[in-house]
Amino acid sequence: MAHFFFDTVIGHVILIVLEALAVLVPLLIAVAYLTLMERKVMAAMQLRRGPNVNGIFGLLQAFADAIKMITKETIIPSGANRFLFLFAPFLTFSLAMVAWAVVPTGNGLAVANINVGILYLLAISSLGVYGILIAGWASNSKYAFLGGLRSAAQMVSYEVSIGLVIVSVLLAVGSLNLNDIILAQRHIWFCVPMFPMFIVFFISALAETNRAPFDLPEGESELVAGFFVEYSSLSFGLFFLGEYANMILMSGMVSILFLGGWLPPLGIAPFTWIPGPLWLIAKIIFCLFVFIWTRATFPRYRYDQLMRLGWKVFLPVSLLWMIATAGFLLATGLLPQGVS
Amino acid sequence: MIQLVFYVFATVLVASAAMVISARNPVHSVLFLILGFFNAAGLFLVAGAEFLAMILVIVYVGAVAVLFLFVVMMLDIDFTKMREGLQRYAPFGAAVGCVLFAELVMAGLHWVTSPAVPAPITGGLGEPGGPMTNTAALGTLIYTHYILLFQLCGLILLVAMIGAITLTLREKPTGRRQRIDRQHGRMREDTLEMLDLPLGNGTTANGGFLRPPGSYYDTAVPGSYGIPSSDSGEGEAK
């Protein structure tokens, strides 16, 4: 019965919508609770209590924030480009959502298990800069514009090292499919043999999501709030959701590329009882914790230091590592052949 | 169904390409260009070339167009001046366009392939070894059969890059560049001197400096903030 229904065109469309909802609804809830987690974790690190009034342990705080944000007034600056001004937050938000289509949460369990999954993720994450750049330009404000420019330069720079790190991983996998990348880590997670690249990728992910210590596009102390200084209400909320969804996405990428995705740490009994999606969620939460930990620990980078780190440290290191990986795999005959 | 998708992508692609050259605001032009890139990527997807589609988005949309937008956003353009230019240069532009179009038509009409030319290397797409993904086929083609041409393309790009850097890089006489090794190599003795002074005496009374004389010139970057460059040596505090 169910099979008959889902084989028709309308049924197929409904099935895809249901699959998308099955990913997006938990994602949005996760974003809501990530904001709470960030406040709680940072409070604990700074010996404070964090939100604890709304609901037990402040569990309703995220929803209170959301309601507050929605009921505020939307302000569009008079000199702004109206369409682009409203388009930018939608772009940021929707890009953060569509990337999740290819993330596998179990063996082959993705909305779209495509052959070039990792390239799709890279493409989507490299598009994130447009939301910020367009927002900065359309606001017709100096601070927003400077924030947008900073962000564009920063994200383009760190994409280079992210790309090279991904190439090193792909050399060891022999496929661009995300599921194959996870399956290639059955014996050992890539964070062990490629530990330096793991670190480079994580730091680049911080820069790519404009998180502390690389949150120069926001730069409260010098740019007020950077690219979203003119935004209010729901349009600001979409930027906010997009930023946090991007954090979760980048944590997901770190988990898939280096921490074995949905694989348990060891393929033996007590670990294999826990289903794959839970392992993936646990790894993502761990990465998010490190994101927050970094924010609570490090002061913001200066802009020239940021560029120096990206171009003069990460780029040569990841390039060298890529060549070394290729050489090692070729010399030991471990180069994967014909997996694709 | 797939034809419908093709026509949607193709229509939007042509429309956005037309908007690139007709939009008044250059930033809108670049945004239409990006829309065009997207639709081209969509056409690649329809054709089954998913690798090319993704690379198009990553390279052109994610990097090239970002820098393009970056530059165009900072331009201060006088639109009335641009209108004047349009009047003057329109005949030249139209002439160049007509010549190019005529050449294209001529080349298209007289395109003959000699029967002696060997069959094109397909990278093993049609070989009996089994269906290859187009990523693998492209890899075999570029990195095995046409490796020399590929490397030469890379070299040309490298030369262009070096050229751009040498044209724009200027060693400023008052450079304020940070030298991290110098900062890290600075010891406490170079910068601090602990003095035990009797009450009421200035630091200079017994020849002491808060920093040992000369140390500032060793640790600071020559040429910055009015410090003479190291070769002139006139600022040595003795």
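Note: Cβ is positioned from N, Cα and C throughout, glycine not excepted.
Keep in mind it's a predicted model, so treat the numbers as computed, not measured.
Taken verbatim from TrEMBL:
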type     : residues  : note
TRANSMEM : A:12-34   : transmembrane segment
TRANSMEM : A:55-71   : transmembrane segment
TRANSMEM : A:83-103  : transmembrane segment
TRANSMEM : A:115-138 : transmembrane segment
TRANSMEM : A:158-176 : transmembrane segment
TRANSMEM : A:188-207 : transmembrane segment
TRANSMEM : A:223-241 : transmembrane segment
TRANSMEM : A:248-268 : transmembrane segment
TRANSMEM : A:274-293 : transmembrane segment
TRANSMEM : A:313-335 : transmembrane segment
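Against the transmembrane segment (A:223-241), the recorded stretches A:12-34, A:115-138, A:158-176, A:248-268 differ in Cβ pairs under 8 Å, and the greatest number is found for A:115-138. Nonlocal intrachain contacts for the transmembrane segment (A:83-103), taken as residues 6+ away from its ends with a CB within less than 8 angstroms of a stretch CB, comprise 20, 23-24, 27, 76-77, 110-114, 117, 120-121, 124-125, 127-128, 130-132, 134-135, 137-139, 178, 230-231, 235-236, 238-239, 241-243, 245-246, 249, 252, 256. Using the rule of three or more Cβ pairs under 8 Å, pairs at least 6 apart in sequence, the transmembrane segment (A:248-268) is not in contact with the transmembrane segment (A:55-71). Remote same-chain residues near the transmembrane segment (A:158-176) are listed as 115-119, 122, 125-126, 184, 190, 193-194, 197, 200-201, 204-205, 207-208, 257-258, 310-311, 314-315, 318-319, 321-322, 325-326, 329, 334-340 (criterion: CB distance under 8 Å, separation of at least six residues from the stretch ends). Counting same-chain residues at least six beyond the ends of the transmembrane segment (A:115-138), those with a Cβ under 8 angstroms from any Cβ of the stretch are 80-81, 84-85, 87-89, 91-92, 95-96, 98-99, 101-104, 144-149, 151-152, 155-156, 159, 162-163, 166, 170, 175-179, 181, 208, 210, 217, 226-228, 231, 239, 242, 246, 249-250, 253, 257, 340.
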